[in-house]
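Comments concern the structure below.
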Amino acid sequence: MDSASSAPPAALAHRSIAPVAVRVSDATIAAPVPQWSIPLAVPITIPRFVQRRLQKGKQLEPKDLVRNVNLEVKPGQMLAIIGGSGSGKTTLLNAIAGRSGGLEMSSGSIDVVAAGNDSQQTTVDGTERPSPTAHATANPLRPKDAKKFIGYVRQDDFLLPFLTVRETLNFAAALRLPKTVPAATRNAIVEQTMFELGLADAADVVVGGPFRKGISGGEKRRLSIGCTLVQMPSVLVLDEPTTGLDSFTAFQILETLKKLAQRGRTVIVTLHGPRSDAFPLFDQLLLLSRGNVIYRGVAAEILPYFAAQGYDAPAESNPLDFVIDISSIDNRSSVAELESKERVGQLVVSWREKEAAMASGPPGRLTLSAKGSQEGDVEKNGWGQHRATATDGGSPETTSDEGAELGRANLLRQTAILTHRGLRNVFRNYGQLVGFTLQSVIIGLVMGLAFLNPPSTPAGIQSFKTVTFFCQPGYFYLSIILAVFILCEELVVFDREREDNMYKTLPWVASTILSYLPMNAVIPTIYAIIVYFMTGWRRDNLAKNLFSFIAGCIMQQQAAWSLALLCSAVNRSFAQASLLANSLSIPILLSSGYLITHIYGWIAWTRTFACQGIEGAARNQCIGENVLRGMRFNLATPVYVYPLGLLGFILVAYTLAFIILATYHPGGVKHATQVKAKQDDPDKDLAQQESDQASMLDRKPSRRPINVVVENLQLSVSRRSLLARGKSATKVILEDVSAQFPAGQVSVIMGPSGAGKSSLLQMLAGRLSSGATSAFSSSGSITLNGQEFDSSLASLVAFVEQEDSHHLPALTVRETVRYAARLRLKDRSKRECDERAEEVLLLLGLSTCADTLVGGPLVKGISGGEKRRLSLAVQLLSDPAVLYADEPTSGLDAFTAQNVMQTLRDLASDGRTIVVSIHQPRSDIWQMFDNALLLVKGGRTAYSGPANAILPFFAKVGKECPPHFNPADFVIDAVSVDYHSVEEEAASKASIDHLVAAWKKQKGIKDKDETAPLARPAAGQNLSAKLRKTPFTRAFPVVLARSFKNLRRQPDVFIARLSNPPLMACLFWIYFARLGYGPSSSQDRIGLLQETTALPFVGMLACIAIFPSEKNLFHHEWKSSARYGATTFLSVYTIQETITSILSSFLFSVVFVFGMNMQWRGTKFIEFWFSSFALISTGESIGIVFSAFTRNGGLTTSLVSAALTLLAQLNGIVSVTLPYFLVVIGWISPMRPQAALTMINEMMGLKFQCTEAEIANGAVCLVIQAITGIL
């Protein structure tokens, strides 16, 4: 904090910039008609004319998302784009930032124009700034050049999980700021950024992710904003920057943005529900509704405009809430929807008429002056090294290198920064490191035991030949799959940061290689040493030979990662990227000279690209020539050539990956389409729908009211570190919290970010659980009607979590709710469940998006606000007696938030207990709260009791709420730490301590005077409400239908499951073709049958692609009223896997048996088909086992790969000199029986044409005798 203290409060704002304006002229943005594609590893797009022919005249039109938008935002101005959910705010903002994601600009234009003025200047804080009225005649910047001046903060957070907050900002500043900024200044900027965004307390906490707990969601949001603020771009574009933040922090961020605008920047934000005192901060407002403009212009004129349309704002209302309410469509009932549509339609027409009547029409062209930049306070420290200067054409001078123009770090410096960042992120991922280490040790030991000191016999020679081959792909093929999994996740962050122009592609590729280099050197070395000594490799010239083998293994590991990066660069989907990796690695392995010794001339050229590590290892180990000749090795090639071949492969693969990443951009989000749903009752009239809604609200709960009481609750977490030798650090989350939440009332838990609100709700709902590196400890009590809360009362409680990631992405909103209803409403018919689902959809305003896919990370579906309401809808289905909701209005516009809270208010009036946590409640929502619990940072209580008594309590301690001020904003402001300066921080902390002390004193007096707590049950009337499992007969068909539909609508995963085995068989056919009966045919058959051991890995890939998301939903539903048994879940997944595996294994068997000229009869083919199916199922089953034990995908992939490799080495083909105990273990899996079955079926009765000379020269016919003896 010392560095933060020394930084001036305005340090973030004082930077010389190039003033840039944004102009939107009659812009209409549309979602194009989805173009068909074949979801292969390398997607094939079907031409438009073919698609039109196949559609047979049923042509779809592009859907307009935003229509006829005109606006102009000049330097020094701040524009707020407001409107309800689905109004097109994010779509327009993405287009302004140049990130439209494949959407079409149907008409109009969006231009970024360098602007300034020769004479008009204003003075702010003693510094001259460009006047908002600056005007000239400059040409628009090219889109590529425009992106250099835009800083964009997305609605979603894409951060590296294992960096701390300070490190994340430091690296962002090093990459984004000009290289001329001194390190001390850069550090001061970072500290000041954390200071102003309230992140100082979490500066040394890791960001965290799905597999490691880190900072809160609100802190992640502020960190994303900070990563852009340190850049200080000319244009700041922020999508929902205040979502998930408390009202005090949100207002502070808006104030900071306003200061940045006043100093010459152009600021554009989208907002859902800003507080009333934020209204004066905005220079311009753009109000949207369903993609139409309702108002655009000066913020101060919006209320007079609406008054002229006949809509007068109440005297004490939030102006922004009022205009959003007026322009939103009410979906809670059909009558209200028709009325609101008519009102909004009139407003749209009125604005278009006004815009047409405006004398100036669309905004004119801007001009540019060479005096567009002003000197700032930090100029002395080396800032502002770039200027936008006018040329004859009117656009800024640019160079071919973006980094040079912006004065940022050069390529070498970017590589160093990204490498430093990558090393920290890699080596703090302990689960991944453990997985890599276990994989190398386990596979090394298995390989060593399988080939333990083979004897000098024909069988021993075969084993020795095998180990020289399998010591390479047996480990490094698995490295390819694991690297694909890791890189597919990391490339999502790369895609976002590259769009933000943080760095170039080459430094990222180089830094990725260097970041993983230590691990990719140490791990293969461990593996190589284990294998070398256990398999009895030559001991003469030990140092030379061992070093050669280790060096070859390290280069093989690099080759594996280069191939993985190449595949991930083509496709970000793990299912598709792993399919491509399989397709490319199989030819490399087949052409290496072991599995098939004679390659046909038309495919022999692939030996040039083969994995040279295999041949190099064999040449390094063997002195004689017979064995090498039998494997068709070129003995004239010097041994030192093989490392050069590997090096060439690595360089070529990385170069191709770089070219693809730099030119081909498959990353980003695709837009989901709507799914036509069958309506059960399409003729239902409006009156009937109103009756349904009324019946829902009037339905009385069958259970008696439940009062929730919290007494002296304490919660702390102890974090254990592997590096701290078991020592743990304890952090207090909740401290002596007591509260009462009566039935029939709505209670709210409020407080700034980090006050423990979510932790308290998780404790109340019984959802708090410890992890591997952390343990929670608690004391105090939580009672329901006086009875201690435990699992016996779990069915009384429903919990809406803050995260919405558990929904299946390929289901529509209606399908999600209907399936949930059928699981939760166990005693109702299917029709009644569907009717209940429709009621809830109508109640929460989800009917308009009911047939839209939910979406996920790679498919854009419903909005964040709609997903929030979907989570609430699922929990409301079962009519719970107690409902806990963590941030139910987060991400919702003011109108929808008010509707959601009104729904909860209506539910409470029927006797239910409603407890919510809310960051930014509007004033009319505050009136709905009966009780309030106010927490401060550290989990201390500042107030607990009736909501209408909180202001008198604050007045009693000297804090009066101003007139016409939102009480919720007032109390949040009072308990928030002000980081604007060190003095204000100290003063605010002292004020908070005074509040907490005053409440403790008053609480002590109240406890003495209180005569009776909330009603307790009479003797013998204890509640008993355990969660009931949904019966198997009811849950099974529901979960099965849901799972199949989710799989079928994800073509990349579905096609990969079906096509992976037959595609692999086709690659085998290319190399083996029609098997003959010559001297090498026996070895070819052995190699071909050995390749069937790759089928379990195909099953593993299918499991990792789909099982984790299904498991997450199962765990979520297990804790709720939708609970069903693990038997149901595994049965459903098994059937789903079985059907696809039967089809894929059949296609594999047809190509394999008939294409390769293997012996066959009806029984032999069926046996081969069944054994292939068994191998695929084995891989998927082992994947399920390990995926169920850990949530770390990298660790899961490593463990599954190691287990499958262990079983593959024991099948009897790979090694014919196995120790007896390994033979016994080998019979545990289907791999050894499958090897015996296929070998016997193929080899029995075959005659090979081998002469004595061919046998003497190293042909391998005698190996058949050894293998047949083993089997």
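Backbone N, Cα and C define each Cβ position, glycine as well.
As annotated in TrEMBL, transmembrane segment covers the listed stretch 579-600 rather than the other ranges in 183-204, 579-600, 1239-1260. When each of 433-454, 474-494, 506-534, 1054-1072, 1168-1190 is scored by its Cβ pairs under 8 Å to the transmembrane segment (546-567), the top-ranked stretch turns out to be 506-534. Sequence-distant contacts of the transmembrane segment (1168-1190), counting only residues of its own chain at least 6 positions beyond either end whose CB sits under 8 Å from a CB of the stretch, comprise 431, 1061, 1092-1093, 1095-1100, 1102-1104, 1107-1108, 1111, 1130, 1133, 1137-1138, 1141-1142, 1144-1146, 1148-1149, 1152-1153, 1158, 1160, 1196, 1199-1200, 1203-1204, 1207, 1229-1231, 1233-1234, 1237-1238, 1241. Mean pLDDT, taken over the domain 'ABC transporter' (717-963), works out to 82 on the 0 to 100 scale. Counting only same-chain residues 6+ beyond the ends of the transmembrane segment (1130-1156), those with a CB under 8 A from a CB of the stretch are 1036, 1039-1040, 1043-1044, 1047, 1054, 1057-1062, 1064-1066, 1068-1069, 1072-1075, 1088, 1092, 1095, 1098-1099, 1102-1103, 1107, 1110, 1164-1165, 1168-1169, 1172-1173, 1176-1177, 1180, 1184. The transmembrane segment (1092-1109) makes no contact with the transmembrane segment (433-454): fewer than 3 of their CB pairs lie within 8 A, with pairs spaced 6 or more apart in sequence. Contact between the transmembrane segment (433-454) and the transmembrane segment (506-534) holds: at least three of their C-beta pairs are under 8 Å, each pair 6 or more apart in sequence. Contact check: the transmembrane segment (640-664) against the transmembrane segment (506-534) gives at least three Cβ pairs closer than 8 Å, residues 6 or more apart, which meets the contact criterion. Residues 411, 414-415, 417-419, 421-423, 425-427, 433, 436-437, 439-441, 443-445, 447-449, 451-453, 467, 471, 475-476, 487, 490, 494, 498, 546, 549-550, 553-554, 556-558, 561, 565, 654, 657-658, 661-662 of the same chain lie 6 or more positions beyond the ends of the transmembrane segment (506-534) yet place their CB under 8 Å from a CB of it.
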